[in-house]
């Protein structure tokens with residue numbers, strides 16, 4: 001067995017970790033759709049899905065079977081290649097972004113020294129999926145939804161990136177593992193509270209979640225940029241949205257709440273519990289807040305979020321310089 005070298009073993013272990021972690025993320029995203037419906041029913045004083053299986057436990061399986069057997073229809077005058085490519089990009093962009101998240105010591109798919117920049121790149125790639133879907137569908141509502149989504153996402157990605165620069169300045173690194181280790185004594189949410197608030201708001205907007213779901217507003221745009229999608233293509237958009245929620249929640253935990261760190265319990269359990277809490281907060285926000293107008297969303301971003309991130313960055317830089325003296 002001389003062909004089994006240490007380098008080959010390391011590659012196989014990395015591939016195994018990647019497969020396990022990414023499968024867990026996809027599974028969490030799928031189950032979150034069921035959990036969201038149950039929790040929304042609880043918040044709104046009604047029953048959620050409770051007919052398929054015991055207490056609705058097989059509802060997700062029924063939805064998957066239905067999605068597989070739906071007609072995979074493509075509009076007559078659409079661009080077939082781009083129309084097919086868009087949901088694949090939407091599904092994989094934020095899924096690949098999870099590769100830089102350390103779920104416990106030693107368990108990270110890609111321990112990159114430019115981890116935060118890689119995440120911002122993947123978040124920017126998701127904009128192309130929206131633009132491709134809106135333009136290739138040959139539908140006016142789809143195109144309007146894509147224009148809204150791209151403008152909103154590009155705007156809030158500015159605040160998303162700026163809100164992370166304070167964390168990078170404090171940790172002295174773009175590496176996610178280094179950022180977690182730098183929070184051994186104090187979580188970043190305390191010195192970077194305004195950065196966390198801005199990151200959370202921008203994260204909801206980048207995921208196109210309520211109340212920032214104007215690109216998909218049913219009352220205005222008839223479901224927005226994926227109105228022409230059906231079957232598994234729509235399923236990729238649908239699951240991709242929940243994968244984005246899982247990724248953003250995991251990044252909140254990693255960047256601001258100490259990652260896997262915590263007493264008594266194993267590191268992975270701490271990471272999972274913290275991430276599940278923020279996933280539930282996404283659902284609570286959807287159940288609690290109304291949808292504002294599109295101009296109000298953009299105005300809020302540029303007039304409130306941008307100054308807040310700049311002030312946070314300036315204060316962080318001043319504190320670091322003061323401590324260095």
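Cβ coordinates are placed from backbone N, Cα and C, and glycine is handled just like the others.
Lifted from Swiss-Prot, the feature list:
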type     : residues : note
TRANSMEM : 11-31    : transmembrane segment
TRANSMEM : 81-101   : transmembrane segment
TRANSMEM : 114-134  : transmembrane segment
TRANSMEM : 154-174  : transmembrane segment
TRANSMEM : 186-206  : transmembrane segment
TRANSMEM : 237-257  : transmembrane segment
TRANSMEM : 265-285  : transmembrane segment
TRANSMEM : 304-324  : transmembrane segment
Check your understanding: Where among 11-31, 81-101, 265-285, 304-324 do we find the most Cβ pairs under 8 Å to the transmembrane segment (186-206)?
Key -> 304-324
Review point. Okay, the transmembrane segment (11-31) and the transmembrane segment (304-324): do they have at least three CB pairs under 8 Å, pairs separated by 6 or more?
Key: no
**Study point:** Contacting positions for the transmembrane segment (265-285) when only residues 6+ beyond its ends and CB under 8 Å are counted
**Key:** 28, 32, 35-36, 39-40, 43, 103-105, 107, 204, 207, 209-211, 245-246, 248-250, 252-253, 257, 259
